[in-house]
Amino acid sequence: MTTDRILPVAAMSLAILVLWYAGALWLNGPQAVEALNRLGDGWGTADFVRQAFAMKRPILPTPDQVAVELFQSLTGTPVTHIRNLLYHTGVTAGSALTGFAMGVVLGVVLAVGIVQVRTLEASLLPWVIASQTVPILAIAPMIVVILGNMGFTGLLPKAIISMYLCFFPITIGMVKGLRSADPLALDLMRTYSAGTGQTFRLLRLPSSLPFLFASLKVAVAASVVGAIVGELPTGGQAGLGARLLSGSYYGQTVQIWSALVMAALLGVALVAAVGVAERALVRSGPGGGR
Amino acid sequence: MIGVASRQPRPAMAPGPLVALLAPLLPLGGVAGHSVGFVDSPVAVAGLVLLVGTLLLRRLAVGALSEAVILSVGVAAGYGATLRLLADGLAPDAGLWLLLLGATLLLGRVLRLLAEVSGPARHACPALFGLAILLLWEILTRGLQVPAILLPPPSAIAAAFATNAADLWDDFRQTVLISVLRGYLLGCGAGFAVAILADRVPFLARGLLPLGNLASAIPVVGVAPIMVMWFGFDWQSKAAVIVVMTFFPMLINTLAGLASAERIQLDLMRSYAAGYWRSLLLLRLPCALPFLFNGLKINSTLALIGAIVAEFFGTPVVGMGFRISTQVARMNLDVVWASITVAALTGSLLYGALALAERRVTAWHPSFRKR
Amino acid sequence: MPAAPSPSLPPALTAVPPPAPFAEPGAEPGRTIVDVRNLTLTYQAADHPVYALSDVSLSIAQGDFISLIGPSGCGKTTLMRVIADLEQPTGGTVLVNGMTPEQARLKRAYGYVFQAPALYPWRTVERNVTLPLEIMGIPRGERQTRAREQLERVGLAGFERKFPWQLSGGMQQRVSIARALAFNPDLLLMDEPFGALDEITRDHLNLQLTQLWRRTRKTCVFVTHSIAEAVFLSTRIVVMSPRPGRILDVIDCARDLPPERTLDIRESPEFQRIAHRVREGLMEGHSYDD
């Protein structure tokens with residue numbers, strides 16, 4: 001199975017790298033020509049390629065430029081320093097995880113309420129679903145400003161945006177999961193005359209876990225998006241979003257790309273962490289998922 | 001099941017709403033510094049009498065639905081009287097809050113009754129709930145005099161909506177009709193086309209699928225500043241962000257959909273010696289429709305988000321994202337809320353239209369069919 | 001890839017041999033429709049080779065109704081799938097109408113009825129039956145006439161506009177038989193078509209099927225688990241055995257049972273005798289390694 005996949009994925013990655021360098025050549029080409037002309041007439045193809053791949057402010061930086069920048073910004077200064085990218089990643093991860101935790105609590109509470117109380121199911125669930133169709137990120141700047149007016153700055157506003165993005169998939173997945181208990185198993189609980197609480201703890205909760213973890217993976221990825229977007233309106237203080245914004249203000253493309261790569265790594269790492277937790281907690285074996 | 005439930009005995013009435021009866025004992029509020037007693041205000045008394053009256057009248061009701069209708073008159077009376085008094089400039093006190101509490105508890109009863117009802121009346125449940133949230137929002141922001149900077153009342157938002165209608169329409173046209181629509185069509189179209197290609201070339205599919213799954217863990221919206229840098233401030237950069245965001249969800253859903261035809265149905269096509277394109281058209285695409293719609297629905301929300309966030313990074317001076325970020329900076333939160341309302345309505349309408357189309361096209365699917 | 005329909009109608013559609021009215025199917029030798037010689041199919045499982053079919057030879061004549069019976073894993077379905085070119089043999093030859101299975105499939109020489117109805121839920125009953133005709137490029141008007149004709153033949157006139165899910169399981173399977181008959185193939189391959197139905201429905205459909213066969217004199221190959229079904233329907237019964245999949249016995253029923261059969265012949269001593277012999281054969285196959 002895995003050896004089946006390695007070759008295509010490797011080929012695809014190689015294709016992307018080639019396309020990336022070709023794109024860099026194409027996009028940075030005009031600037032490179034200009035720069036070389038300023039230096040003098042006698043330049044050949046090799047000079048052109050070298051110039052296009054080593055621009056100071058390229059339109060598309062090459063992967064090696066991004067890697068070098070990434071390495072320097074991770075090791076050039078101490079981790080706690082404002083110029084260290086890991087510091088910014090930590091800031092984003094902190095608010096993403098805080099928001100994620102809040103979103104998990106809110107999502108699970110809503111799901112339990114919806115499953116246990118019919119009135120909530122009929123009146124609230126449609127609005128929870130409708131909330132998904134709203135481009136929630138649009139209110140991100142406003143939440144930051146409102147909470148700033150109330151004296152909350154820093155982590156909390158961003159965490160609230162992350163929470164907002166998180167709770168929906170969790171609620172929906174958890175409602176589905178809590179309802180996924182086998183009707184026969186539910187009947188069995190009834191023959192034991194188990195109470196609502198016992199049925200919930202012994203049957204509904206365990207059978208909802210695979211659904212919960214599937215949603216948690218979606219939610220944790222969303223929480224990173226929320227934290228990054230929440231950092232945009234603060235005007236570039238700290239965090240990966242702030243790095244994106246300041247990079248775009250000052251035309252520092254290499255900085256933008258390294259922040260992007262870091263954000264991608266953060267997202268992948270968090271999703272992988274949820275996966276590890278799932279493997280540790282859900283013992284139903286393969287196929288226990290959706 | 002639901003039909004049976006409506007014929008079951010209705011849930012017992014909790015005495016909660018009766019707290020409103022205590023309201024006349026307490027001061028209603030103050031107008032221009034003078035305290036007003038509850039019984040001095042005909043509006044408050046009328047509201048209370050109607051509310052309590054419906055509590056008595058409910059015994060006439062034959063079913064859950066008719067009781068809900070009767071009681072909702074009482075709820076309306078309570079909310080209406082409160083809104084009226086607030087509009088007259090009353091600074092509310094305990095009496096008014098008790099009346100409101102009674103009406104809200106009564107609303108809980110109405111919702112509980114409606115939750116048991118079958119048929120189209122069930123949709124009244126979320127509608128009433130939404131309306132009540134809106135009214136409570138209005139009453140609480142006005143009654144507690146919440147600063148408009150924090151949360152303007154819905155009426156102020158509606159007023160801002162009306163006065164800024166021209167701007168909001170221009171924003172809508174720029175963001176939705178131009179950027180979102182083009183980006184969405186391009187992104188979904190590209191995802192679909194590449195999925196068909198990958199379906200023909202399995203090597204490509206095996207390489208693309210892990211990449212697509214990876215993309216779902218990545219905050220793709222971060223490419224916005226790069227796209228703005230590459231494609232400029234106008235719609236092209238927004239469309240580019242949307243294409244990047246929507247491509248992989250569509251690709252993955254299409255591939256999953258094309259793989260969803262059952263083995264036995266594929267064998268049937270083979271026994272008819274049907275070629276690739278014919279079995280694609282006659283069997284595999286119809287099977288994939290629910291997956292395609294799933295991708296289209298996810299992408300409709302993503303596309304709006306992509307456009308608005310990309311506008312935070314730079315626009316011509318029009319667009320929903322531009323409006324929101326500039327008006328937030330100027331503390332015109334009513335305009336921001338009006339803009340958000342437009343975004344919310346757009347998102348819901350897009351999603352609703354797709355859901356409706358899905359219901360039409362895939363009426364045969366087990367999730368929709370009824371005998 | 002024969003994606004485009006051939007301009008002229010396939011021979012099966014134009015030249016249907018008119019069945020001799022009261023011919024004894026067993027007595028009349030007829031031309032050979034399916035000729036299987038020394039067929040072997042081996043595939044590699046996780047650690048050992050599996051002999052799905054081992055040196056199987058069988059000849060099926062025009063107008064025969066052949067039942068393949070045996071326990072799971074005896075290769076009866078595999079044999080039929082090889083005849084239908086849905087599976088590739090590793091050794092031996094198969095000829096269908098004197099052609100390779102692939103040529104026969106491309107000429108649409110056979111209709112296949114699967115274990116499940118495999119109807120398309122998004123098409124009406126009638127449009128399900130016209131599906132093969134559509135693929136074969138038959139004009140719309142004729143498609144409809146033929147579909148109506150076949151639906152009437154299986155007793156489903158009046159259900160044309162219904163959707164498959166509005167029909168019972170037995171009715172759905174009848175639609176799939178009508179679909180297989182719609183393009184008038186020489187050969188009808190049926191893979192446990194009534195396996196999922198209850199016994200009463202099954203009896204009913206067996207009766208309908210034997211009447212249908214008597215009227216049309218199609219050559220039928222029928223895979224089943226049920227001894228009674230096999231004896232009731234067949235002119236010849238092929239008893240198979242697993243590990244390796246092979247033919248143990250071929251029993252002629254046409255000699256002892258009348259061609260016109262009603263459900264009560266199941267009580268007759270001839271019927272019982274044949275059923276007994278089939279059972280003996282099956283037991284012998286089982287004792288081989290159990």
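Keep in mind that glycine also has a Cβ here, set from the backbone N, Cα and C atoms.
Range B:302-323 is the one annotated as transmembrane segment, of B:16-37, B:302-323 (source: TrEMBL). If you look at the transmembrane segment (B:210-233) against the transmembrane segment (B:280-296), you find fewer than three C-beta pairs under 8 angstroms, all six or more positions apart, and that falls short of contact. When Cβ-Cβ distances below 8 Å are used as the criterion, the transmembrane segment (B:68-87) is approached by residues 17, 20, 28-29, 41, 43-44, 46-48, 50-55, 57-58, 60-61, 96, 99-100, 102-104, 106-107, 109-110, 113-114, 117, 121, 124, 128, 132, 135, 138-139, 142-143 of the same chain, each at least six residues removed from its ends.
If you look at the transmembrane segment (B:94-111), the same-chain residues 6 or more away from its ends with a CB under 8 A from one of its CBs are 13-14, 16-29, 38, 44, 47-48, 51, 54-55, 68, 71-72, 74-75, 77-79, 81-82, 85, 125, 128-129, 132, 136, 139, 143.
Cβ atoms under 8 Å from those of the transmembrane segment (B:239-259) belong to residues 179-180, 182-184, 186-188, 190-192, 194-196, 198-199, 205, 208-209, 211-213, 215-216, 220-221, 223-224, 227, 230-231, 280, 284-285, 287-292, 294-296, 298-299, 302-303, 305-307, 309-310 of the same chain, restricted to positions at least 6 beyond its ends. Ranked by Cβ pairs under 8 Å to the transmembrane segment (B:176-198), the stretches B:43-61, B:280-296, B:302-323 are led by B:302-323.
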